[in-house]
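Asks: Sharing a structure below in structure tokens format, with a few things to ask.
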Amino acid sequence: MIPSENFASKAVREAVGSVFMHKYSEGYPFKRYYEGNYNIDDLEELAKTRAAELFSIPDDWSVNVQALSGSPANLAVYLGLLKPGDTIMGMYLPDGGHLSHGWSYEPKEKQNPAELKYEGGSRKVNVTSQFYRSVQYKTDPETQLLDYDVIEKIALDEKPKLIVTGGTAYPREIDYRRMKAIAEKAGAYYLADIAHEAGLVSAGVNASPVGIADVVTFTTHKTLRASRGAIILGRSELMKQIDRAVFPGLQGGPHNHSIAGIAVGLHEAMQPEFKVYAQQVVTNAQTLAKALAEHNFSIVSGGTDKHLVLIDLTGKGVFGRKYARALDYAGIIANMNTMPQETRPPADPSALRVGTPWITTRGLKEEHMWQIADWMNRVMEQVAGYDSELEFEDFDKRAASDKELAGIADEVRSLCKKYPLEI
Ligand SMILES: Cc1ncc(COP(=O)(O)O)c(C=O)c1O
């Protein structure tokens, strides 16, 4: 139930394991630095055409399918459009933003949670904060939602060269038109990173930034359910520089086997069944949020518009790290996560993140979400009874031999057997 994961079809996996793996093809279709690329050229063109069609790009937009993954795709956009030292403005990571949006930490002064701007710290853990100056916007402390008036104020004060939206743990839709208007006022490029929700956007279940933002990046292996990789869509005049940033700026030969898997996955995403799937992903996540709330779990922002649910565990006494491990012993794989107004360290944060893309691929529906919420609640009730002072290692040992958790794992296993994955 990790929201960034999914399980690709056999056809996608066969494409990834195909002979396309072996070929070097530095360059772009019909302009390669290696011979013998006729089939690779056709493959890359096919992937690009399918991406253009699936995401309905305007005539003056174009596509790059070569970036190796989401972070390199974002870096290629920065490298293509910015100069080292330029300011980028993204969402504060603990509130749900991504590392590749300029993350650094350990600010000089202790952070004031009420301060809605974050100027970074000395530990430039992501390359994007080493090469660029980064300022970040936070979510509103009350609503846990983006506050566009605050974002606009920060943008006008800071005059970033690029504003990026999107994140790993923001459960709500983003107002792309408003963000584009803010970027325009500030004189910035607008990059919409839809790594998580690309499949939902392609199916029309979430709104699309294509044609609104200047550039859109996304990974192909999350809700989109293709192979691992990334796609960049953007205004053609900018894509020239971005293409050059991908190759030769950041990489040599593209991973053609991944591009093959992406082409197959894009074809699958064009089928009517995928729209039904994407809608079910969201319905399942919304049902799960509701069912968890009925068990008195506090849901960040009160719900979700997407495929993920962020659970604030502060009222439960067992935080993300321990709870995620206990769930693992009960057969439910999720991940610990930070949340808005986080006060705990990233290695032991306050929240848990769960998602529905993979379990929906199995065929699970609303009724199963109630069952999963019930299991999650049983796990919480069980481990809340442990000594709260237990160190993580001792907690882990106790959970590993806990018969109640093992019993839940048996129940999970029998549900999964009824809804097998296509192997
Ligand atoms: C919003 C966002 N952007 C970029 C990425 C980076 O993708 P990758 O892990 O493929 O580098 C992720 C990954 O989770 C993400 O959530």
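From the backbone N, Cα and C atoms, a Cβ is placed for every residue, glycine too.
Keep in mind that TrEMBL annotations are predicted by a computer and have not been checked by a curator.
According to TrEMBL, the record shows the following:
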type: DOMAIN; residues: 1-376; note: domain 'Serine hydroxymethyltransferase-like'
type: BINDING; residues: Leu93, Gly97, His98, Leu99, Glu237; note: (6S)-5,6,7,8-tetrahydrofolate binding site
type: SITE; residues: His221; note: site 'Plays an important role in substrate specificity'
type: MOD_RES; residues: Lys222; note: N6-(pyridoxal phosphate)lysine
Asks: Taking only the recorded positions Gly97, His98, His221, which have a CB closer than 6 angstroms to any atom that belongs to ligand 1?
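Replies: Checked recorded positions vs ligand 1; flagged His98.
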Asks: For Leu99 ((6S)-5,6,7,8-tetrahydrofolate binding site), what residues in its own chain, 6 or more apart in sequence, show a Cβ-Cβ distance under 8 Å?
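Replies: The list for Leu99 ((6S)-5,6,7,8-tetrahydrofolate binding site) reads Ser71, Leu93, Val125, Asn126, Thr128, given in order along the sequence.
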Asks: To the nearest Å, how far is the Cα of His98 ((6S)-5,6,7,8-tetrahydrofolate binding site) from the Cα of Lys222 (N6-(pyridoxal phosphate)lysine)?
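Replies: Distance (Cα to Cα, whole Å): 15 Å.
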Asks: Ten-angstrom check, please: count other Cβ atoms within 10 Å of the Cβ of His98 ((6S)-5,6,7,8-tetrahydrofolate binding site), all chains counted.
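Replies: So the Cβ neighbour count for His98 ((6S)-5,6,7,8-tetrahydrofolate binding site) comes to 24.
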Asks: What is the separation, in Å, between the Cα atoms of Gly97 ((6S)-5,6,7,8-tetrahydrofolate binding site) and Lys222 (N6-(pyridoxal phosphate)lysine)?
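Replies: A Cα-Cα distance of 16 Å.
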Asks: Do you know offhand how many angstrom separate Glu237 ((6S)-5,6,7,8-tetrahydrofolate binding site) and His221 (site 'Plays an important role in substrate specificity') by C-alpha?
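Replies: With the alpha carbons as reference points, the distance is 27 Å.
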Asks: I want to check the contact list for Lys222 (N6-(pyridoxal phosphate)lysine): same chain, sequence separation of six or more, C-beta distance under 8 angstroms. What comes out?
Replies: Pro3, Ser4, Glu5, Asn6, Ala195, His196, Ala198, Gly199, Pro357
Asks: Which three-state DSSP class does Leu99 ((6S)-5,6,7,8-tetrahydrofolate binding site) fall into?
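Replies: The residue in question, Leu99 ((6S)-5,6,7,8-tetrahydrofolate binding site), is helix (DSSP, three-state).
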Asks: Could you pull the average pLDDT for the domain 'Serine hydroxymethyltransferase-like' (1-376)?
Replies: 97
Asks: Work out the three-state DSSP category of His221 (site 'Plays an important role in substrate specificity').
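Replies: DSSP assigns His221 (site 'Plays an important role in substrate specificity') to coil.
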